[in-house]
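Take a look at the structure set out below.
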2 protein chains.
Amino acid sequence: MTLELPDLTPGQFNLVYNMFSFTIATMFAAFVYFVLAQKNLAPKYRVSMMVSALVVLIAGYHYFRIFGSWDAAYALEGGQYVFQDDQPFNDAYRYVDWLLTVPLLVVELVLVLGLPKGESGSLMARLGFAAALMIILGYPGEVSGDASLMGERGLWGFISTIPFVYILYVLFTELSSTIQRQSGRVAKLLSNARLLLLATWGFYPIAYMIPMFSAGYPTETPGAVVALQVGYTICDVLAKAGYGVLIYAIAKAKSEEEGFVVDEMVKPASAEA
Amino acid sequence: MTLELPDLTPGQFNLVYNMFSFTIATMFAAFVYFVLAQKNLAPKYRVSMMVSALVVLIAGYHYFRIFGSWDAAYALEGGQYVFQDDQPFNDAYRYVDWLLTVPLLVVELVLVLGLPKGESGSLMARLGFAAALMIILGYPGEVSGDASLMGERGLWGFISTIPFVYILYVLFTELSSTIQRQSGRVAKLLSNARLLLLATWGFYPIAYMIPMFSAGYPTETPGAVVALQVGYTICDVLAKAGYGVLIYAIAKAKSEEEGFVVDEMVKPASAEA
């Protein structure tokens, strides 16, 4: 899935360029934070931060590639960023990224709930499988030359919405009772994480539909191309790094409620006597 | 915000080039130090070093990019470094960097104070928000073609000074009583950190104003361009790596006062008998 792109003004080109670079820095910084912050959590919640760390590491790698592909796809000629036919922009990095990270994002949420073993495994398997299926089924529509609503893009987009609706159904019905069982503070944080997931994931199908309603997309619609890249990028930062911070807050709150106080873990030897 | 730059002498070009490289080495070395040095601190102060580590990691990444952009923007032709029109210097990396790191720098300072939870959260939120606002409001003036004092640069520069003044107000009034409550040694270190922050952050608005008073900036003022890049770089090293070392000294002093003695943490097994 390489994209032919329109020529851009320096302002348009640089906005996307700087957003990609911003995201690389954010993802790798989040990776370091999630790795280091694990030790502040009760051991049973550390694995959710491990998974959060993997997600932002994978995303950081892909943004590094996307940044390189964007940079190579354009050359500044006469004050204008001109698309280079021999260096098409590879947007498929996003699908590869999502195929790996989206199932991990639902796994994070399930892990931080700290459910009994049997329950948690089944939930992760079902949600993770649905998440992967959603990405796989969206892909044929994305690469299809036919971007119309009633054509291939519309068809595959519709089919891939089915697992998405299933995920939302599980999160907002099956998980609701589990969330209610938590303390007030944790329940509030979990609701926020679920809403952030809904708000950010909800943007992707909207973005997917842009080409259906933009005549001449992408080569004749520079504004739509820039809006789409910036939009995807903001969503990825919120859905991965921002969401990871929320998961961390949940894990921290639950650790404290269960009596894990980080300061007491490493009392000086003299104090133990 | 890509800059058209003037041609430079080899001495001018290399001064900036070597300063950038120096900064990459300093930031990544500081990152490793801040990560490793955490274990010498009482657990409650470790998070301030984690944030310090993130700041210098993010800055190291951006200097790596700035270095690459500077290098690509020039070619040595006939003993002179000639600016390449098709490879403009991307100075926007600085703003992206500041947007991420400047809020984190105030967070570091608040974290190392070790305030009660409610107090600390509100202070971090207010100062972090003001810091981000300061950067965001400065940006339109920086990218505006109108660099005059009474024009767009002057206007946005003035507006972005408002959150800066707010930050200084909080640091020098609200925080003064908190600093007074600390022991003499810690209070001295905290005052130094606050002064370093004032001195380094105070340089940025001065640098921001250089174009207002340099006719023909940047293409006709090689001296001002070199001074600005070197000045920003020295400030970043002091405000991020140097400031992080001060924060470490504060965290160490407070850890010791609170009875955390690193040597007692790792007594040989025989000593316990």
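If you go along the chain as it appears here, the first residue is 1 and each next one adds 1.
Positions of Cβ are set from backbone N, Cα and C atoms, glycine also.
Residues annotated as N6-(retinylidene)lysine in TrEMBL: B:LYS240. Per TrEMBL, site 'Primary proton acceptor' is recorded for B:ASP97. If you look up TrEMBL, you'll see B:LEU105 marked as site 'Responsible for spectral tuning'. According to TrEMBL, the feature site 'Primary proton donor' maps to B:GLU108. Annotation comment: TrEMBL describes B:15-35, B:47-64, B:98-116, B:123-141, B:153-172, B:193-210, B:230-251 as transmembrane segment.
Packing against the transmembrane segment (B:153-172) from elsewhere in the chain are residues 106, 109, 123, 126-127, 130-131, 133-142, 144, 146-147, 194, 197-198, 201, 205, 208-209, 211-212: each is 6 or more residues past its ends and has a CB under 8 Å from a CB in it. Neighbour count (other Cβ atoms within 10 Å of the Cβ, all protein chains): 27 for B:GLU108 (site 'Primary proton donor').
Residues 1, 95, 98-99, 102-107, 110-111, 115, 152-157, 159-164, 166-167, 170, 174, 208 of the same chain lie 6+ residues outside the transmembrane segment (B:123-141) yet bring a C-beta within less than 8 angstroms of a C-beta in it. Recorded residues B:LEU105 (site 'Responsible for spectral tuning') and B:ASP97 (site 'Primary proton acceptor') have their alpha carbons 12 Å apart, per Cα-Cα distance.
The Cβ of B:LEU105 (site 'Responsible for spectral tuning') has 24 other Cβ atoms within 10 Å, all protein chains considered. Same-chain residues lying 6 or more positions outside the transmembrane segment (B:193-210) and placing a CB less than 8 Å from one of its CB atoms are 105, 109, 138, 141-142, 149, 153, 157, 161, 164, 168, 171-172, 175, 179, 217, 224, 227-228, 231-232, 235, 238-239, 242-243, 246-247, 250. Long-range contacts of the transmembrane segment (B:15-35) within the same chain, counting only residues at least 6 positions beyond its ends with a Cβ under 8 Å from a Cβ of the stretch, are 49-50, 52-53, 56-57, 59-60, 63-64, 66-67, 70-71, 226, 229-230, 233-234, 236-237, 240-241, 244-245, 248. When Cβ-Cβ distances below 8 Å are used as the criterion, the transmembrane segment (B:47-64) is approached by residues 20, 23-24, 27-28, 30-31, 34-35, 37-38, 41, 93-94, 96-97, 100-101, 104-105, 107-108, 111-112, 233, 236, 240-241, 243-244, 247-248, 251 of the same chain, each at least six residues removed from its ends. B:LYS240 (N6-(retinylidene)lysine) has a Cβ environment of 26 other Cβ atoms inside 10 Å. Within the same chain, residues at least six positions away from B:ASP97 (site 'Primary proton acceptor') with a Cβ under 8 Å of its Cβ are B:ILE58, B:ALA59, B:HIS62. With respect to their backbone Cα atoms, B:LYS240 (N6-(retinylidene)lysine) and B:GLU108 (site 'Primary proton donor') stand 11 Å from each other.
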